[in-house]
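Copied over from TrEMBL, here are the features:
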DOMAIN    23-119  domain 'Pirin N-terminal'
BINDING   57, 59, 101, 103  Fe cation binding site
DOMAIN    171-268  domain 'Pirin C-terminal'
Ligand code: MN
């Protein structure tokens, strides 16, 4: 069996911005504990256009993970954090038992290109207290004309400061010139590769933006060719052997957990707190499908 599987993307819109959703898809729900992957943009806004606007909404059971490539987005949350994320930085919000936040393009900002990910919290950590972490500086190094930025976990002797609850890696590769390289993999990890810009050749096939290539466990390396200016996101992790439920912005280990969180949000429960300063309405939760109440 080939270690590679090419996964189809879905197109959607979030906060007024076109996004390509790579996870979850029917064929695959998780890569390690990475359980959601939206590729936002690249988008350009006309003067006076608002850009991204995502009003206050709740999360449980996950970490939201933003990797900013271009543009600036302001995060506000119900713990009182206000943080602008800039290119080359990661924002990580650990929802645990519950938090709410809003995200919007900084006033006057004309572009957005980002990867928005979620990491499922393992069962034992699902009720961890909510927190927010901003990582303005991440390990960076160059090799064979490729600039590597380590977003999460450990790679090639480097260690990212990012708070994790399960063994994961996140690595951004940005080619300054056409190059071929070998990436070391951990056999106990499964991986995904997503082209964010440009193109790569993997396993004899050319791959462009918005096709996620899944790599099964038991591989110890990967041969990759990148075209000039290509940018690729490598995600990996130990397969999470837990049943995860995702509905709207909520991740849980049972349908009952999700239903309770939805009811708490709709009731304005202090569990989620209030996001202050966002000029707009909080989001209303969509109803649960029949049979999931
Ligand atoms: Mn969110």
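The backbone N, Cα and C atoms fix where each Cβ goes, glycine too.
These figures come from a predicted structure and were not determined experimentally.
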- Note on the structure: Here the mean pLDDT of the domain 'Pirin N-terminal' (23-119) is 97
- Find, for the listed binding-site residues 57, 59, the residue with the lowest Cβ contact count at a 10 Å cut-off, counting only other Cβ atoms. 57
- Query: Residues with Cβ closer than 8 Å to the Cβ of residue 101 (Fe cation binding site), same chain and 6+ apart in sequence?
  - Reply: 56, 57, 59, 64, 75, 76, 77, 78, 93, 132, 275
- residue 103 (Fe cation binding site) has its Cβ surrounded, within 10 angstroms, by a count of other Cβ atoms equal to 25
- Item | Residues of the domain 'Pirin N-terminal' (23-119) by DSSP state, where helix covers H, G and I | 0 helix, 62 strand, 35 coil
- Secondary structure of the domain 'Pirin C-terminal' (171-268) by DSSP, residue by residue, totals 12 helix, 48 strand, 38 coil
